[in-house]
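> A single structure is presented below for examination.
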Protein chains: 2
Amino acid sequence: MILMVWLAAVAASLLALAWAFRFYRQMMEADEGTELMKEIATHVREGADAYLSQQNRLVTITFLVLAVLLGIASYYLHLLNGFVPIAFLTGGLFSGLCGWFGMKTATQASSRTAAAARVSLNQGLQVAFRSGAVMGLTVVGMGLLYVTIWFAILYWAWPALMGAERAYSLEQISVAMLSFGMGASAQALFARVGGGIFTKAADVGADLVGKVEESMNEDSPNNPATIADNVGDNVGDVAGMGADLYESYCGSILAAAALGVAAFAAPQMVPEGMEGTEAQLATMMLPLAIAAAGIIASIIGIYAVRTGEDASQKSLLKALSRGINLAAVLMILMAMGLVYWLMPLVPGTEYFGGLSGVAFSVIVGLAAGWLIGKWTEYVTSDEYKPTQRLAKQAETGPATIIIGGIADGMMSVWVPVIVVCVAMTASFGFATGGQFGDISLFSLGLYGVGIAAVGMLSTLGITLATDAYGPIADNAGGNAEMARLEETVRARTDALDSLGNTTAATGKGFAIGSAALTALALLAAYVEGVRDGFERWGVAAVQTIDTDGFYKLSPGFMVHRDGDNATGYLVQPMIARDPLLTESWRDVSFSDGPAKLSEGVIAAGENGQFHFAVNGDALLPVASATLQEFTYFYDTTLMNPKVLIGLFLGAMATFVFCAMTMKAVGNAAEKMVVEVRRQLTENPKIKTGEAKPDYKRPIQISTSEAQRQMLMPSLLGLALPVFVGLLLGVGGVLGLLAGCLTSGFCVAIFMANAGGSWDNAKKYYESGHLGGKGSPGHKAAVVGDTVGDPFKDTSGPSLNILIKLMSMVSVVVAGLVVRYSLHSLGLF
Amino acid sequence: MILMVWLAAVAASLLALAWAFRFYRQMMEADEGTELMKEIATHVREGADAYLSQQNRLVTITFLVLAVLLGIASYYLHLLNGFVPIAFLTGGLFSGLCGWFGMKTATQASSRTAAAARVSLNQGLQVAFRSGAVMGLTVVGMGLLYVTIWFAILYWAWPALMGAERAYSLEQISVAMLSFGMGASAQALFARVGGGIFTKAADVGADLVGKVEESMNEDSPNNPATIADNVGDNVGDVAGMGADLYESYCGSILAAAALGVAAFAAPQMVPEGMEGTEAQLATMMLPLAIAAAGIIASIIGIYAVRTGEDASQKSLLKALSRGINLAAVLMILMAMGLVYWLMPLVPGTEYFGGLSGVAFSVIVGLAAGWLIGKWTEYVTSDEYKPTQRLAKQAETGPATIIIGGIADGMMSVWVPVIVVCVAMTASFGFATGGQFGDISLFSLGLYGVGIAAVGMLSTLGITLATDAYGPIADNAGGNAEMARLEETVRARTDALDSLGNTTAATGKGFAIGSAALTALALLAAYVEGVRDGFERWGVAAVQTIDTDGFYKLSPGFMVHRDGDNATGYLVQPMIARDPLLTESWRDVSFSDGPAKLSEGVIAAGENGQFHFAVNGDALLPVASATLQEFTYFYDTTLMNPKVLIGLFLGAMATFVFCAMTMKAVGNAAEKMVVEVRRQLTENPKIKTGEAKPDYKRPIQISTSEAQRQMLMPSLLGLALPVFVGLLLGVGGVLGLLAGCLTSGFCVAIFMANAGGSWDNAKKYYESGHLGGKGSPGHKAAVVGDTVGDPFKDTSGPSLNILIKLMSMVSVVVAGLVVRYSLHSLGLF
């Protein structure tokens, strides 16, 4: 069965890649337009290539440094699975490749979309949307392929090569694979932050001088920063988004798989007539199976996006929605079947006499993503009241539209928060059959949350396509403008662009909602990383020991050496506090390495369990400790000052990260403004089109600024969990992650929605409302849009990744924190 | 000893009030200036009076409704101490009185300050600062008096009247007194939000039409909204701040007292040779003693603020700093002595052979407040790089200064967060003698945190004076401008105002830092409220029972009726899960009221403790359950979905609250803009001063808008803890409070600092830098200032109160939540 699912997943991922290639070829065969159009597209392509190769150089160096650090941790300190450094690099590579393929496609597609739009709106849509689908299918194909390959290496290849006795346990495999996600997250953060700075510096620079000071049109070829602006759309919105969603997709699958293994670790959970590992393998495979089914659903959905040649914009929107909805319905049906087939049935959690409630968790996930998307559309689209009201506020000047946009953005947080909370409760509740109070089902409930995230992202193939085609249409518009094509072409690409904005809102809803649920799942998965860390510590410790016995390694941890076996045991703080254990346990010093406990301190019970002889208190084996027992061990309650400090630091990290990225955009934009002004002053003929501006220099400025400024925020995400872990231990890290998740989620939505609403309020003027283009209100709205640019395209979307990167880093360094935090050293 | 401390506290509070009256009389005796000055001051005074009486009418109605609800909870449902409704009303009254006295003084002081400034800068400072001191001393005097009176009523008067057998335990007294803080918090929120909306609507309206559209001067008498603007300074910055800090001051004392009682509830904590209640009374009195000492230190400090007649601005600043620093040093010395005298010495927590570490917690608190204040000054004052750089960003237009200010504000969060985290750790660590791991000292550590908050606010008498004189100087400037006094007078009041801005930063640092520490202490105090709720439940339940025995009331709670005694016992979930208890405990239905357990289910041990007979697991008496045991009972770990949902909702509440208050300002400002434009269009002679504008109508608009819009945000703070409590139980509430605290703290600092920096960036231009007044940069800076207005004067400062109000409400409704939450009903 496992092999079957695995093969199906591999087949689905290859299918996705094959279809992506097919759509790519179709797009390449389309008419590329006039010579001028080709030339402009080449400019943009070269700029984007130049940026990406520059970024890749920097990222490669950073990755190599990090891989060396991970290598030391793996091979020298034995804190990590030996595959982690390699997988970290491959994770980053795959993620980068997704962005690169997407960008390649997008830069080829823009002139072709413009050319197709000369024929009809539908032709334009087909080229743009299919090109977006290349990205969508590449991301899911590569993501699923990556996960399946690593599973095969760890589960089949490794024991086949090294002998069955060195086989990894499923727990080890799932935790190791989870830590592989760190590479993808780090790459995604670099891509999002770097791309975000690039695109917004170019955009703000182009707008402030070109549009505001010189009253040029959007995408005017006389604006020296125009090409940079178009390059920015590709490196930020396309390449950055590709890496971002690759990370989300893999992260959700890996987190759910790890939680599935954890849920069935306790023998009493395993249904009768089943082996424990059998149940674990099944729950580990379920997310892969759902992802595979999602690929099929997405491809079918993509084909449903078609209309007649003379289609109106409205019918195009319908066509897009039809595709997404069809994929979702198919997904729900397939998910029911897959859950029925794969999911081990725990008594009390079945519905309709045999279907595990986990099936409904998938539906909850899909519904939650859809709801957040609709809400995003409502609060940001200029077809609805909120943005129209905001646009009206611009009439009293820039100050009022800024205040209004910030207030609207902050207010818009409530629906997504409620949806995520309800989705969390519902997916948890369905998975446990509504038995919220039954602690033995707790891990199963968390698995339900993880599966909900997988469900939400399962149709990413098509939702990402609707998201990614927006920048393509945007660039097509730029191409049409610069190539001085007929007005109707520009009108059509604008229609496509605005259509893209609407559907992109749904896509963003899925991305942001899944980030919250995945981060929640990762919070639980982190505890699995902690367990793995303890086990490695035990194994490492017994290698320095010659005689059998019990050895104290820290105030709450001992290892039992029994020949070649090392078994770790936790001593809960409330047990360690017993005055009877003062001499035999608490006062035993471990500062010179593992300290052997005196004979007779530990006794074996009838059931083979060990306990303290003096008072009969049982030792807690690390391998079977529940999630809750770990939370008690580290006292991760809200009353623990370490947890509270962690929460504070997590909230702080959100704000500091946003500040860093916004400042980066501000600094880069300032240099861009200076450069554009310089060109226009030194050669005023550029303004009239008599002389050609130097397009390259603005691209260079954006590139070098983006590179210089993206390092610090990314390092914040990488370093903070390590520092907090070493200073405050596991409790502090959990606080940090929870704080960053809750604050970060709210800030991300606030920024995305405020930015989106300002953008559309400006467009509302530009489509002729309230005095139209050039009115004082429009000028104020442009200020709002400029403020919103870094909100919605740099800081906001990067926050999603920051949250998950911190979780991933925490999982990876769990072994370090378990062993060397001040808490483990008995200092704090 | 207790009586001595109590008398000293009463004496100190009366001293403060007497001195406040003295300063008031001195101020009233000062020269009031010309007839025109008097007339203008009268306008402002009448406007402020009109607003406050309008607000008081609404607040009174709201308070009466809430008091009726509390009355039902107290007298009918027996969920609360019977004094709560009365104390709720008196708390609101005292808080309101503080604001009212402060405002009375301020409105009388402005023209007198202007008159004094005609003589010299020092004369102006003396009048303004002494008037600020009236407010500072009134707040601390009323606050301490309120606390001491209620202590006397509950501790001495009640048993004297009703007989010793009905005396309250110290736990009950401390929890009841804590819930009295709710009245103060609710009043403070109304005052801050209402006043904040009023003042910013008037300010934004006056600026947008008068300054931007008509290029009038600040405070020009030709601007119809000028008087409203000046009224706003009084009702927002003075009355609002007074109520706010009264709440902070009382809250910190009450929270520390409650934690002190809790810390010495466990018999093993009480030092040898001491009674348990003796130790508890001592720790309860210590915060009162520190507050009393702080009053003395403040009065001495106030007298240290004096310079020669020909003083420069620099020497004035020195004089102010000298006063604050002197008060702090005196405070530290007195705190050492008081701790040495009062604090019970727990072995292992003493320093220098006999001084409890709690003494250093006081110092930590003072130092933390000072540091946050200095940082606030650094990031907001135009004498330092950050604000100067921000001002420069205005040269590229409003968008860049807005992005820059938001980024700077977000970045500025890091220092206060680190300071609060370090202060929390240090005050906890000093109190426990560095034994972080020793769980028995946990409550003592939290007491240290509570005491740090008291220490931070102990010198409020003088720090508030430096804060409150700012608006007085501001109004004096307005008075001078409108009365067309000589340029030098305006220059002097401007100097005083800018001096006030600098020292006010320190004051705000104390307010915001203490809010965080107090909220932390309240988090722990909430658990005491929960304990009280269980005990009341037990007592109420046995009144419906006729026979002795053990009765199950909820899945985890039973009460033992033994004659007239009712003792509550918790059954920890991990014990209840034992399969041996299925029939005898878990399956016992309590849906028809208290269900008697079968005879023999509970057995008494040798030590008099009860346990389940079948497995020997002990029952946990509610009265002696530790904080940690409660957190286990409710599983308030970060892995509990209810806690996580609470965290999400807490973060959400922060954003929604800010959105509501900002929208309120926006809406009110819009109406103001329309009105001012109307007056100027209908009678253009107003512009030239030939006709007098109608000052009353703008005041009416601000008043009615403020009233209409302040209800919703305040209700959010009042209702959310109740809903979350009923739906998600105690774990959810703790999550809500922690989420609101961490997000709210960050957002509050972000908003306050961004707003402050924008304000001063504008002033930087106005003092002639970077092209000076009227330059394009200045115009952009005005936009920044306008955006910052609701940030720093409405939403930001209200957040501090929201955090504490939610905590207070949670404490008050703890009894309701304990008994009727879905968790207690066994449903969720």
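Including glycine, each Cβ sits where the backbone N, Cα and C put it.
Automatic prediction, not curation, is the source of TrEMBL annotations.
Reproduced below are the annotations present in TrEMBL:
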- A:A504: site 'Determinant of potassium dependence' (SITE)
- A:6-24: transmembrane segment (TRANSMEM)
- A:58-77: transmembrane segment (TRANSMEM)
- A:83-103: transmembrane segment (TRANSMEM)
- A:133-158: transmembrane segment (TRANSMEM)
- A:170-190: transmembrane segment (TRANSMEM)
- A:249-270: transmembrane segment (TRANSMEM)
- A:282-305: transmembrane segment (TRANSMEM)
- A:326-345: transmembrane segment (TRANSMEM)
- A:351-372: transmembrane segment (TRANSMEM)
- A:444-465: transmembrane segment (TRANSMEM)
- A:718-751: transmembrane segment (TRANSMEM)
- A:801-822: transmembrane segment (TRANSMEM)
> Give me the non-local Cβ neighbours of A:A504 (site 'Determinant of potassium dependence'): same chain, 6+ apart in sequence, Cβ-Cβ under 8 Å, ordered along the sequence.
A:T466, A:D467, A:G470
> Could you give the residue numbers and ranges of same-chain residues that sit at least 6 residues beyond the transmembrane segment (A:444-465) on either side and whose C-beta is under 8 angstroms from one of its C-beta atoms?
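The answer is 16, 129, 132-133, 135-137, 139-140, 241, 245, 248-249, 252-253, 255-256, 258-260, 262-263, 269, 283, 286-287, 290-291, 293-295, 297-299, 301-302, 323-324, 327-328, 331, 335, 346, 349, 357-358, 361-366, 368-369, 423-424, 427-432, 436, 506-507, 510, 513-514, 517-518, 520-521, 524, 627.
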> Taking the transmembrane segment (A:170-190) as the reference, which of A:6-24, A:133-158, A:282-305, A:326-345, A:801-822 gives the largest number of Cβ pairs under 8 angstroms?
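Going through each listed stretch, the top one turns out to be A:801-822.
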> With pairs 6 or more apart in sequence, are the transmembrane segment (A:351-372) and the transmembrane segment (A:326-345) linked by at least 3 Cβ pairs under 8 Å?
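Result for the transmembrane segment (A:351-372) with the transmembrane segment (A:326-345) is yes.
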> Using Cβ atoms only, state whether the transmembrane segment (A:58-77) and the transmembrane segment (A:6-24) have three or more pairs under 8 Å that are 6 or more apart in sequence.
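Since fewer than 3 Cβ pairs under 8 Å link them, the transmembrane segment (A:58-77) and the transmembrane segment (A:6-24) do not come into contact.
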> Go through A:83-103, A:133-158, A:326-345, A:718-751, A:801-822 and flag the stretch with the largest number of C-beta pairs under 8 Å relative to the transmembrane segment (A:6-24).
A:133-158
> Using a cut-off of under 8 Å between C-beta atoms, tell me which stretch among A:133-158, A:326-345, A:801-822 contacts the transmembrane segment (A:718-751) the most.
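Checked against A:133-158, A:326-345, A:801-822; highest Cβ contact count belongs to A:801-822.
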